[in-house]
Amino acid sequence: MIFLIMGPQGSGKGTQAKLLAQRLGLFYLDVGAHLRKIAKADPRLNEIVNKRGELVPDSEMFIIITDFLDKGDLHDNLILDGYPRSIAQYQLLADYLAKHGSGVTKAIFLQVSDEVSVKRLSARRTDPATGKIYNLLTNPPGPEVDRTKLVQREDDKPEAIAERLLHYHETTQPLVELLKAGGLLIEINGEQSIADIEKEINAKI
C-alpha cells in the first residue's frame, strides 16, 4: 500500500505520517527534509529550497523522488509526505508507480484554515544540534531543551508562509479535488489534537 499525506503547511502532516508509518510498518519519506538535505550539497538547489523557500520544478522533483525510491527499492509499503504537490506531479508519480506494478492506495488530507496554518508555522522551531522539530504551540520542547538555541526556518517566516500558502491554493488544491473525484481522498479535520487526528485517520483508512 502507498499513502499520500496532504494538507497545507502547518497541518501536522509529518507528525501523523510518522504515527501511521509506525502503526502499519510502512517506510516514511519526508520529501521536504530529503530535498533540504541534498540541497546542502548543491548551491543552486540550496538557493531555491533552503534560502528562498521556493519549489523545485516538476521534472527535477520527479527525478529526485524516483532516484531515491529506485535506490531503496521502495515501490510499495510507504507514505509520501510533501509529494506530489500538483496534478502534473501526481500524473508523473502514478505512471511511475504503475510501471512498478503499484499505485496510490489513498491520500489522507488534513484540512486546516490558513489562519491556523500561519499560527502553527510561525511557532515551529528546529534544534540545530539534533535536527528535531518542535512547535511551541502543539509540540513544545521539554525542560531539557535549551529554547534559546532553537532556530526558525527561513521559510517559516510570515512572508514565506504567505507565498507557500498562495502556491498551495493554486496548485495543490486542484490535486485534492482530482483525488476526491477519483475516490482516493480521505478528509480529516486537522484542527483537532494530535491524538484525535490520529484516531480519525485510523478509523477511516
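Numbers here mean position along the shown chain, with the first residue as 1.
Including glycine, each Cβ sits where the backbone N, Cα and C put it.
In TrEMBL this protein carries:
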| type | residues | note |
| --- | --- | --- |
| BINDING | Gly10, Ser11, Gly12, Lys13, Gly14, Thr15, Arg124, Ile133, Tyr134, Gln192 | ATP binding site |
| BINDING | Arg36, Glu54, Leu55, Val56, Gly82, Tyr83, Pro84, Arg85, Gln89, Arg153, Arg164 | AMP binding site |
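Feature map: TrEMBL annotations on the structure.
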residue	record	contacts (Cβ under 8 Å, 6+ apart)
Gly10	ATP binding site	Val112, Val116, Ser117, Val118, Lys119, Arg120, Leu121, Arg124, Ile161
Gly12	ATP binding site	Leu110, Val112, Arg120, Thr138, Gly190, Ile194, Ile197
Gly14	ATP binding site	Asp30, Asp81, Ile133
Gly82	AMP binding site	Lys13, Asp30, Val31, Gly32, Leu35
Pro84	AMP binding site	Leu4, Tyr90, Leu92, Leu93, Leu175
Gln89	AMP binding site	Asp58, Met61, Phe62, Tyr83, Leu175
Tyr134	ATP binding site	Arg124, Arg125, Thr126, Asp127, Pro140, Pro141, Val145, Leu150
Site diameter for ATP, Å, by largest Cα distance between Gly10, Ser11, Gly12, Lys13, Gly14, Thr15, Arg124, Ile133, Tyr134, Gln192: 20
Candidate with sparsest Cβ neighbourhood (10 Å radius) among Arg36, Arg164, the listed binding-site residues: Arg36
